[in-house]
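Colleague: Quick one: this structure, given as structure tokens, is what I'll be asking you about.
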Amino acid sequence: MRIKDVLFVKGSSGFYFDDQKAIKSGAVTDGFTYKGKPLTPGFSRVRQGGEAVSIMLFLENGEIAVGDCVAVQYSGVDGRDPVFLADNFIEVLEEEIKPRLVGYNLVRFREAARYFTNLTDKRGKRYHTALRYGLTQALLDAVAKINRTTMAEVIAEEYGLDLTLNPVPLFAQSGDDRYINADKMILKRVDVLPHGLFNHPAKTGEEGKNLTEYALWLKQRIKTLGDHDYLPVFHFDVYGTLGTVFNDNLDRIADYLARLEEKVAPHPLQIEGPVDLGSKERQIEGLKYLQEKLITLGSKVIIVADEWCNNLSDIKEFVDAGAGGMVQIKSPDLGGVNDIIEAVLYAKEKGTGAYLGGSCNETDVSAKITVHVGLATGPAQLLVKPGMGVDEGLTIMRNEMMRTLAILQRNKVTFQKKVG
């Protein structure tokens with residue numbers, strides 16, 4: 001079926017763009033924003049409003065498919081594409097992408113996604129990850145609408161996957177309101193929590209003291225508020241700050257994490273981004289050493305790779321090297337939804353945990369599509385998004401998941417009746 005027309009509409013994303021380099025360098029908070037000058041190219045201030053561009057494909061059958069172009073909160077660092085400002089890219093979409101979309105005969109998602117994600121701009125470079133992300137979302141939605149099926153079923157059929165009809169564990173993030181938002185997560189029985197946003201050495205504390213105190217508080221809070229059968233996974237994102245407070249001494253970090261694991265037991269413990277060693281090569285070596293050191297200590301702490309692990313090629317390098325027990329597949333950073341699917345499947349095939357993440361700075365559209373990718377590919381966990389308020393993102397993603405599972409179950413029963 002052909003695409004008759006395309007519209008590009010500027011909108012808002014679910015959070016903000018933050019200059020991580022400036023924050024790590026000591027930018028002082030000022031209400032909800034930060035004082036000081038930005039350090040990362042493309043930023044006009046340390047924190048600025050998140051933006052999105054909706055791509056709407058008008059199909060011959062009258063259906064309208066939608067995908068949202070968005071980028072991560074911490075854009076422009078650790079090998080990522082620059083900060084995504086809508087006004088800078090709508091003209092590119094109109095002049096360079098739209099002529100290729102209008103009249104395109106859309107049959108299968110994989111074929112279309114491969115074609116459009118490999119397009120290059122006038123300088124011969126692949127388009128910004130945000131453009132590829134939004135475009136492939138819209139293409140997936142379009143193929144589902146053409147076939148009158150769910151996006152999860154499109155992925156399963158085209159990639160030869162079995163739909164298990166089981167929910168994927170959801171991982172919510174607290175932001176700086178790590179106490180209030182943890183309460184919300186406990187009351188709503190979030191599977192993996194709380195993220196914590198330990199993105200500054202002062203938050204993590206000298207030799208991890210503040211992180212330990214918070215983890216112990218969280219354990220007790222779950223006993224106080226949680227149901228007796230509620231045992232969530234503890235997942236803390238420390239943005240390399242353990243490296244800062246331990247002077248990148250990986251042995252000391254491993255010892256600290258092994259002790260922390262004992263203190264939070266019986267909750268499983270996952271630590272994302274324990275160090276940021278400044279380059280992909282050093283990061284791979286460091287995370288590999290740290291995970292192996294933990295194993296020798298008899299620890300089951302899972303190290304989660306994030307920084308420097310951005311695109312499909314990066315993810316394969318981290319997985320092949322054993323650099324951590326889990327990789328975050330940060331959806332906007334990979335660009336195409338097709339690459340996201342392949343990344344999850346590759347990690348699972350190699351025995352590495354696949355954390356299908358993303359960013360608080362996404363939208364309801366991209367979050368719902370991530371749910372379908374998750375149901376089809378079966379990662380270890382899905383990040384709750386967009387926003388940092390817990391309830392909104394959890395409502396969007398949990399409800400989309402449960403609705404889709406109900407549809408899939410009904411479709412399965414109907415199919416069984418037909419063949420029976």
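Here the Cβ of each residue, glycine as well, is placed from N, Cα and C on the backbone.
Annotated active site, proton acceptor per Swiss-Prot: K330, in sequence order, evidence recorded as similarity to another entry. According to Swiss-Prot, the feature (2S,3S)-3-methyl-L-aspartate binding site maps to Q173, Q328, S359, C360. Taken from Swiss-Prot, the feature Mg(2+) binding site applies to D237, E272, D306, supported by similarity to another entry. The site 'Transition state stabilizer' annotation in Swiss-Prot covers H195 and rests on similarity to another entry.
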Colleague: I want the residues beyond Q173, Q328, S359, C360 whose C-beta is within 8 angstroms of the mean position of the (2S,3S)-3-methyl-L-aspartate site's C-beta atoms, in chain order.
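Modeller: So the additional residues around the site are V72, Q73, H195, K330, G357, G358, N361, L383, K385.
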Colleague: Pull out the recorded positions from the set Q173, H195, Q328, K330, S359, C360 whose C-alpha sits within 10 Å of the C-alpha of D237 (Mg(2+) binding site).
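Modeller: So the list reads Q173, H195.
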Colleague: List only the single closest residue to Q328 ((2S,3S)-3-methyl-L-aspartate binding site), chosen from the recorded positions H195, E272, D306 by CA-CA distance.
Modeller: D306
Colleague: Out of H195, D306, K330, which of these recorded positions is nearest S359 ((2S,3S)-3-methyl-L-aspartate binding site) by C-alpha distance?
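Modeller: Checking each of H195, D306, K330 against S359 ((2S,3S)-3-methyl-L-aspartate binding site), the shortest Cα distance is to K330.
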Colleague: Whole-number Å only: compute the distance from the Cα of H195 (site 'Transition state stabilizer') to the Cα of E272 (Mg(2+) binding site).
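Modeller: Here the two Cα atoms lie 9 Å apart.
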Colleague: Using Cβ atoms only, which residues of the same chain lie under 8 Å from E272 (Mg(2+) binding site) while being at least 6 residues apart in sequence?
Modeller: H235, F236, D237, V238, V304, D306, Q328
Colleague: Return the single residue from the binding-site residues list (Q328, S359) that has the minimum number of other CB atoms within 10 Å.
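Modeller: Relative to the other binding-site residues in Q328, S359, S359 has the fewest Cβ atoms within 10 Å.
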Colleague: If I take the alpha carbons of K330 (active site, proton acceptor) and C360 ((2S,3S)-3-methyl-L-aspartate binding site), what is the distance between them in whole Å?
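Modeller: Pair distance, Cα basis, whole Å: 11 Å.
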Colleague: Determine the Cβ neighbour count for C360 ((2S,3S)-3-methyl-L-aspartate binding site): the number of other Cβ atoms within 10 Å of its Cβ.
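Modeller: By my count, 24.
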Colleague: Mind giving me a neighbour count for Q173 ((2S,3S)-3-methyl-L-aspartate binding site)? Other Cβ atoms within 10 Å of its Cβ, every protein chain shown.
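Modeller: I count 27 other Cβ atoms within 10 Å of it.
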Colleague: Tally every other Cβ atom lying within 10 Å of the Cβ atom of the residue listed as 'active site, proton acceptor'.
Modeller: 24
Colleague: Which one of these binding-site residues has the most other Cβ atoms within 10 Å of its own Cβ: D237, D306?
Modeller: D306
Colleague: Compute all pairwise C-alpha distances among Q173, Q328, S359, C360, the residues listed as binding (2S,3S)-3-methyl-L-aspartate, and give the largest one in whole angstrom.
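Modeller: So the maximum pairwise Cα distance among the (2S,3S)-3-methyl-L-aspartate binders is 14 Å.
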